[in-house]
Structures are given as structure tokens and as C-alpha cells.
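This report concerns only the one structure given below.
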Amino acid sequence: MPVRFDCFVTGTDTEIGKTLASAALLTALAGAGYRTAGLKPVAAGTLAGAPERTNEDIEQLRAAATVGLPMATLCPWLLDAPMSPHLAARRAGVTITLPPIVDALAQARTQADAVVVEGVGGFRVPLSDTFDTAQLAVALGLPVVLVVGLRLGCLNHAALTAEAIAARGLRLAGWIGNVVDATMAGLDDNVATLRRWIDAPHLGTIPRLPRPDARLAASHVDIAPLLAR
């Protein structure tokens, strides 16, 4: 039986490929013999016309996982409005709290050897007036995988995010580059700089893909450093 592995995936910003990277991790872990589950504890913006109330990120994680989970476990806080979660929750008349998320992770861990928990937006997105994604990561206590959206400005964003993770006593287990801007000048030089600056293994760089493809993305990700710790 594989040694248990769970992680919290965060990113340098929103729309930088966290879901694709999370799905790639799930695919790679399944290839290593793990029973996998993906959680999106908080999601804002539901799919119009879907047969059930869901979200695009949730569906990508569900497709990449090998363990099927009910929606209430996959995403304890699914909000309709595509905006910052604390604002979407306010519009829905609810307050995002930690206990349902902790319960969802516990339930997922009873069925899967590896759970990938994808955060929402960047590392310090407000979930309520007093609670943000950084506090969620601390409460869950999982090793963190940072997804760096490779575009102009990523060096500053990555350095600040890695610093914020370390300041909270969390272990940065690795980072994944995801090419957001295929025309970015000095792409390879930026990746080399990130490798020097970020005190964690570089798990790989996902190129700009024509469409999200977890299996193809996984071919660019090396999970060995994650499983060796």
C-alpha cells in the first residue's frame, strides 16, 4: 500500500492553472498506485445548464480522481456568484466556516490514499471577514504545493507567496510552473530564477496547452520529490 500523501495546492494568483496542476498531481499519483481524491473546499461560480449544481474546477478534479465523492464532500462551500468567495457567500446569505471543510477532508481520507486539496485564488483570498485561504491551509496542516503562473510579474508573486507560506509555519513541498503566457520573454530564465529563489523542489513546468488535459500535464510533473518526504 502506498504511503499516505495529502497536499494543499495554492497559487500565485487566480486563473494561473491551479486546477490543471491539481488534476495533473491526481493523475500522477494514480499512476503511482494511489487511490486519489480531489477536494475544492470553496468554489465561486457555478456552471449554467449543468444537470447538477457544480463548478468547472470541481469537474476537472472529479475527472482526474480515482475515488468518487459526493458533491458535499468534493466542495463543502459551492457558491453561485463568480466573485471573491467572501462576497459570493455574503450574496448567498451564508458564512464560510472551517468545520465542514475539515469534515470533508476526513471523509475523503477514509476512501483515498492521496487527497489533493485545491485552494481558491491566491494564498490570501478572503473566505469571510475574518478568515482567509492562508488560515485554511494552516488549519488543515498539509504540505503545500505552489503553482506559479508563468507570466510577467511571476517572480515577485512567487517570492511573496513562498514567503507567506513559510511565515505561517507551513512546509512548501514543491512548486509547479504553469505557462500562462506562451510569448513571455525570458521564460526559461524566469524558471531558472524561480529555481534559485524558491526553497523547495521544482516539480516541473506545464507548457501552454490548447485545452486542459490532466494526463498531458502530468507528463510534465515529477511527484517523486513529494513522495520522498
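Cβ from N, Cα, C; glycine included.
Taken verbatim from Swiss-Prot:
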- Lys40: active site (ACT_SITE)
- Glu15, Ile16, Gly17, Lys18, Thr19, Leu20, Asp57, Glu118, Gly119, Val120, Gly121, Pro207, Arg208, Leu209: ATP binding site (BINDING)
- Thr19, Asp57, Glu118: Mg(2+) binding site (BINDING)
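Annotated features taken from Swiss-Prot, shown on the structure.
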residue	record	Cβ neighbours (10 Å)
Glu15	ATP binding site	10
Gly17	ATP binding site	26
Thr19	ATP binding site	26
Lys40	active site	27
Asp57	ATP binding site	21
Glu118	Mg(2+) binding site	29
Gly119	ATP binding site	25
Gly121	ATP binding site	21
Arg208	ATP binding site	14
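Distance between Cα atoms for Thr19 (ATP binding site) and the residue listed as 'active site': 9 Å, as a whole number.
Largest CA to CA distance in the ATP binding set (Glu15, Ile16, Gly17, Lys18, Thr19, Leu20, Asp57, Glu118, Gly119, Val120, Gly121, Pro207, Arg208, Leu209): 22 Å, whole number.
Looking at Gly17 (ATP binding site) and Glu118 (Mg(2+) binding site), their Cα atoms lie 11 Å from each other. Restricting the binding-site residues Glu15, Gly121, Arg208 to those with a CA within 10 Å of the CA of the residue listed as 'active site' leaves an empty set. Secondary structure at Glu118 (Mg(2+) binding site), taken from DSSP and collapsed to helix, strand or coil, is strand. Between the CA atoms of Glu15 (ATP binding site) and Glu118 (Mg(2+) binding site) there is a gap of 13 Å, rounded to the nearest whole number. Arg208 (ATP binding site) sits 20 Å from Glu118 (Mg(2+) binding site), taking the C-alpha atoms as the reference points. Look at Thr19 (ATP binding site): DSSP puts it in a helix.
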